[in-house]
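Visitor: These came from TrEMBL, pasted as-is:
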type: BINDING; residues: 95, 96, 123, 124, 125, 126, 164, 193, 196, 218, 248, 274; note: pyridoxal 5'-phosphate binding site
type: MOD_RES; residues: 219; note: N6-(pyridoxal phosphate)lysine
Ligand SMILES: Cc1ncc(COP(=O)(O)O)c(C=O)c1O
Ligand SMILES: Nc1c(O)cccc1C(=O)C[C@H](N)C(=O)O
């Protein structure tokens, strides 16, 4: 791949016009959109309006002018990105909180089933929250096994299988329909974490028959730091599952101010307390970008960007830990190196922002909406140079940051 080849791909790229809709810092090649997405330009006026007019002028009246329905309205905007119906998704809280609510609900669904099954090496919060959930439901347990042992771990004691669709470190992707069917064959529910797949790969929860899913919105959906997360529950389970964090926003009549809790119908029962409207406003403006986007174009461009870095990594002699088959991975590429931390820092010093995941992974996010093929080609050239010249052996690059 030459720079000219990359430029030719950019000229033919149907997603190229979206780049201008993001405030990309000058001179930076940003390969960390899988951790914190770039600021969409539309967020700036949307936040200004929310602060100055909605909060500043309309004040409390704004609750009746769009704020109170924001969780459902934003859920309906996320729904097409995961193949759900508009009324099957709600936005609010964090991914961690949604995981807790969904896991406890699943454990209480069928008291004869007492186990959560999940994967060793899953993103830590998923396992930590699962640990917390079983501690809250007497007689239940968490079974964490290697990926190769997951199928054998499912049995008639499994209440719920918790899987992260795309692995945060390696980018390995579970087959959504296949693993949903396996959980169902064992009589269990399935809960998917789409944090690394929503906006990165096509998802169809309806076709797969998935039960529940959660996901964060600050990565590929560019909702902003700490943007509210989403929860999907299949409509057939809406009445059957109960939110254990029974707050007033999930009440059937929050403004009746009654003492006793009575859950709302549909997804509204999964709400807890007052949502952060400023965070919702930022996310909503970011979600509106997705209205006209064809996810198959996202997948095709992601594969093309991956191929560029895979070639550069191979030329540098770096082992790639991400699957070679695009259908079996998400939208980042990870390489192994004994000094991956220092390599990451050396790249950052050159204006190529990726991240390090302990103990030895260099992770580079490929966000088709705002990266050009030429950006990624240039990142590949820097990577080759940092490895070939051993530029990473600079003592300054070994100093550890709090957030890596
Ligand atoms: C798979 C996965 N789940 C959950 C989270 C985060 O959860 P929260 O937004 O609650 O911090 C992340 C990343 O931060 C993640 O990669
Ligand atoms: N959520 C994050 C945060 O609050 C600070 C730093 C990084 C993050 C992340 O998103 C980490 C990310 N989930 C990962 O896959 O590593």
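In case you wondered, yes, glycine gets a Cβ from its N, Cα and C as well.
Mind mapping these onto the model and telling me what they sit next to?
Guide: The DSSP secondary structure for residue 196 (pyridoxal 5'-phosphate binding site) is coil. With a 10 A radius on its CB, residue 196 (pyridoxal 5'-phosphate binding site) counts 27 other CB atoms from all the protein chains.
Its own atom aside, the Cβ of residue 219 (N6-(pyridoxal phosphate)lysine) has 27 Cβ atoms within 10 angstroms in the protein chains shown.
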Visitor: Who sits close to residue 125 (pyridoxal 5'-phosphate binding site): which same-chain residues at least 6 apart have their Cβ under 8 Å from its Cβ?
Guide: 95, 96, 99
Visitor: For the C-alpha pair, I'd like the distance in angstrom between residue 196 (pyridoxal 5'-phosphate binding site) and residue 219 (N6-(pyridoxal phosphate)lysine), rounded off.
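Guide: With distance taken Cα to Cα, residue 219 (N6-(pyridoxal phosphate)lysine) is 7 Å from residue 196 (pyridoxal 5'-phosphate binding site).
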Visitor: Quick one: among the binding-site residues 95, 164, which has the most Cβ atoms sitting within 10 Å of its own Cβ?
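Guide: Buried the deepest by this measure is 164.
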Visitor: Per the record, pyridoxal 5'-phosphate is bound by 95, 96, 123, 124, 125, 126, 164, 193, 196, 218, 248, 274: how many Å separate the farthest pair of Cα atoms?
Guide: 31
Visitor: If you measure residue 164 (pyridoxal 5'-phosphate binding site) to residue 219 (N6-(pyridoxal phosphate)lysine) at Cα, how many Å is it?
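Guide: Cα to Cα, residue 164 (pyridoxal 5'-phosphate binding site) and residue 219 (N6-(pyridoxal phosphate)lysine) are separated by 15 Å.
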Visitor: Among all chains shown, work out which of the binding-site residues 123, 248 has the most CB atoms within 10 A of its CB.
Guide: 123
Visitor: Just the number: how many Å between the Cα atoms of residue 248 (pyridoxal 5'-phosphate binding site) and residue 219 (N6-(pyridoxal phosphate)lysine)?
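Guide: So the Cα of residue 219 (N6-(pyridoxal phosphate)lysine) lies 29 Å away from that of residue 248 (pyridoxal 5'-phosphate binding site).
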